[in-house]
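One structure is given here, and the rest of the page talks about it.
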Amino acid sequence: METGTPRVKRGMADMQKGGVIMDVMNAEQAKIAEAAGASAVMALERVPSDIRAAGGVARMADPTVMEEVMKVVSIPVMAKSRIGHFVEAKMLEAMGVDYIDESEVLTPADEVFHIQKEEFTVPFVCGARDLGEALRRIGEGASMIRTKGEPGTGNIVEAVRHMRMMVSQIRKVQNMSKDELMTEAKNLGAPYELILQVHESGKLPVVNFAAGGVATPADAALMMHLGSDGVFVGSGIFKSDNPEKFAKAIVEATTHYTDYELLVKVSKDLGTPMKGIEISKLDKSERMQERGW
Amino acid sequence: MKIGVLALQGAVKEHLKMIENAGAEAIVIKTSDQCDEIDGIIIPGGESTTIGRLMKLYGFIEKLNEFSKQRKPIFGTCAGMILLAKEVVGKSENHLGLMDMKVARNAFGRQRESFEANLPIKGLESPLRAVFIRAPLIEEVGSGVEVLSEYNGKIVAARQGHLLAASFHPELTDDFRLHSYFINMVKQFSLVK
């Protein structure tokens, strides 16, 4: 019997496909998310839009939040550690959290090195803006990738940019001749072996979700069309007028993203979605996606 | 012969590939009407609460009960097994309630306890590499249910006539023998009709 193998860790992400992973801040929200059909919850002290508003250093949440959430739901519970903060990650593993997000939403603890994730039994998800970044994280042991998008903005434009970039770079690598791959690995800053895998399979070696700016059912469906395996919704649900209805609508939109009549039906009378932020109004220092490399 | 994979949430692609590798035609099932086109269906792994809620919403509960009455085979893996069970520990309601067994969810623990192991299965010549992810197990089976495999004395695969259930993920390796086993079940039951 073996635990924590790449197959077990990546397989866990495979089971999330077609699903919606929702940010929750307490047990009550976790129960609403589970009942609405979330495939997992991300337990946090504050959602990204509040972190953005509060400013200062954002760290791993108080363990009480994760423990409370784990107690009340049977779906997987994820939690965030700061980039490079392997002690926070080890604490999350010790708590029994099911998946760790080494996340740019929190203030990075290390500006040079990400966590060496391979040695953990618990799997990791990491954000990426392009293929090179995705493969670097996978090289360190990430078992799931998500777009970085621009968290807490309710603006889908960055997630779209990152997903389109990854898909187009994957297509390019797939169509290259083998003798071009080493140079491409150098240009992308990605491990050669992983570039070779992408060349042969035409896809990332792990599941790839959309995250960072998903605010409506239509946003979720758009990301599925662009090639996402599923979606993370951060501030979008519990910052909307009617979280329960909103959560259910996003779950249905993710499953039936090509059924436009259904998308119309679930989008009706949802109330006000979270207030969005235009990305160009954000100072470069306020852009979370620039964190990590 | 056409085998469907219920595609509401979870690991759908992996099952499609295994069915094709085992030599049958695989179809993505998104609406309950599509069940009329297929001879057997796989309910994949994923989150049982998510899939269960969507099945109810889109009329799959009635449709698959009818499907099963026609003795068309159904194979549930992991979450799919929970959805097939007559009784789920700690829950007052079941989902499809077709298979006479009581299942416990997340029975091996959380993700850090997830594992893979070589598993002997009745009907397969040599052990199968079985991947258990936050896996359920079968606590009890009714008299009409045949136990196909046990791990450390716990039931992890079973069959009741045209219904097949596994706690683990046979779709996460390249070994498609359990899918071939299911396809043979589908063949047998379509001949009976």
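Keep in mind that glycine also has a Cβ here, set from the backbone N, Cα and C atoms.
Feature list (source: TrEMBL):
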type	residues	note
ACT_SITE	A:LYS80	active site, schiff-base intermediate with D-ribose 5-phosphate
BINDING	A:ASP23, A:GLY152, A:GLY213, A:GLY234, A:SER235	D-ribose 5-phosphate binding site
BINDING	A:ARG164	D-glyceraldehyde 3-phosphate binding site
DOMAIN	A:7-211	domain 'PdxS/SNZ N-terminal'
Under DSSP, is A:ARG164 (D-glyceraldehyde 3-phosphate binding site) helix, strand or coil?
helix
Could you state the CA-to-CA distance between A:GLY213 (D-ribose 5-phosphate binding site) and the residue listed as 'active site, schiff-base intermediate with D-ribose 5-phosphate' to the nearest Å?
17
Check the DSSP secondary structure of A:SER235 (D-ribose 5-phosphate binding site), expressed as helix, strand or coil.
helix
Would you mind reading off the Cα separation of A:ASP23 (D-ribose 5-phosphate binding site) from the residue listed as 'active site, schiff-base intermediate with D-ribose 5-phosphate', to the nearest angstrom?
10
Including all protein chains shown, what's the count of other C-beta atoms within 10 A of the C-beta of A:ASP23 (D-ribose 5-phosphate binding site)?
29
Could you measure between the residue listed as 'active site, schiff-base intermediate with D-ribose 5-phosphate' and A:ARG164 (D-glyceraldehyde 3-phosphate binding site) for me? Cα positions, answer in whole angstrom.
25
I need the neighbours of the D-ribose 5-phosphate site defined by A:ASP23, A:GLY152, A:GLY213, A:GLY234, A:SER235. Which other residues of that chain put their C-beta within 8 angstroms of the C-beta centroid, in sequence order?
A:VAL47, A:PRO48, A:SER49, A:VAL105, A:PRO151, A:THR153, A:GLY154, A:GLY212, A:VAL214, A:VAL233, A:GLY236, A:LYS239, A:MET274
Considering all pairs of residues in A:ASP23, A:GLY152, A:GLY213, A:GLY234, A:SER235, annotated in the record as contacting D-ribose 5-phosphate, what is the maximal C-alpha distance expressed in whole angstrom?
12
